[in-house]
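Annotated features, as they stand in TrEMBL:
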- 9-27: transmembrane segment (TRANSMEM)
- 33-51: transmembrane segment (TRANSMEM)
- 58-81: transmembrane segment (TRANSMEM)
- 101-121: transmembrane segment (TRANSMEM)
- 133-154: transmembrane segment (TRANSMEM)
- 166-186: transmembrane segment (TRANSMEM)
- 195-218: transmembrane segment (TRANSMEM)
- 230-263: transmembrane segment (TRANSMEM)
Amino acid sequence: MRNSKTNELVLTGLFTAIIIIMAFTPLGYIPLVVINATIIHIPVILGSLFCGPKKGAFLGFVFGFTSCLKATIVGGTLSSFVFSPVLAASLVGTSGIFKSLFIAFVPRILVGVIPYFVYIGIKKVLASEKKNLWGTVLNVLMSVFLAFGVYAFLGKMSESLSQAAALGIGIAVGVVVFIVVEAVFIRKSTQVIPFVYAGVAGAMTNTLLVMGSIFVLYKDAYADAIGVAGNAVLGVITGVISFNGVIEAIVAAIIVYLVGLVLNTIKPIAAK
């Protein structure tokens, strides 16, 4: 028990340091030709899995604090005010303080909580008598999600590529992934899907809650900041979720799975 607690504290400290380094260096972003995919939430997701939801929530708080601090001091984008209570107060008044604090902290704290319960829940489902059925259902959902991500990425990246071609490539990738993962299940391995879904859940928690909160709390101010009409904000936010969000979720799924397998041999994930 004592060794387990010590390992959790060490990992929490390590993940905290990684989050801070990523937040203030280019290491926190992966250039994908047309976007920069953030990976700062990945240490939070891993912390949620291996240190538990309480320490995961703390890591999410650190993530939120760094985004708030960076937006205030460095800025860098037209929409930095949505994460900075200082910039928001100067732009929309005192109400902006609470709105920006909510956007900066609440989604990130939940990134440190939700993946843990997704992982534990899926592990329990896959340990049931209907393991093969549930494994196939989850695999189908994951493959469809990946196919959509590839389609969205190719559609944005190449203007010369037709939608039909991008869709065809996306479907092909999804089918290949489905077959590979099904083969893994035939070999009785149940590590792939829980880690992958935990990564996707963490990334999409961040994207959906941040972008959804921006729409609810800052629709008009956000429209003015990025130079679009108010009635076009929903389309912009939907585009960010369907493109940036999906790409970031795929990246998170891959990294969480690969790193998670290694960490799981050192400190197996336990239900708390």
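Glycine is treated like the rest: Cβ placed from N, Cα and C.
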(request) With Cβ distances under 8 Å as the criterion, find the stretch in 58-81, 101-121, 166-186, 195-218 that has the most pairs with the transmembrane segment (133-154). (result) 166-186
(message) With pairs fewer than 6 apart in sequence excluded, do the transmembrane segment (9-27) and the transmembrane segment (195-218) have three or more C-beta pairs that lie under 8 Å?
(response) no
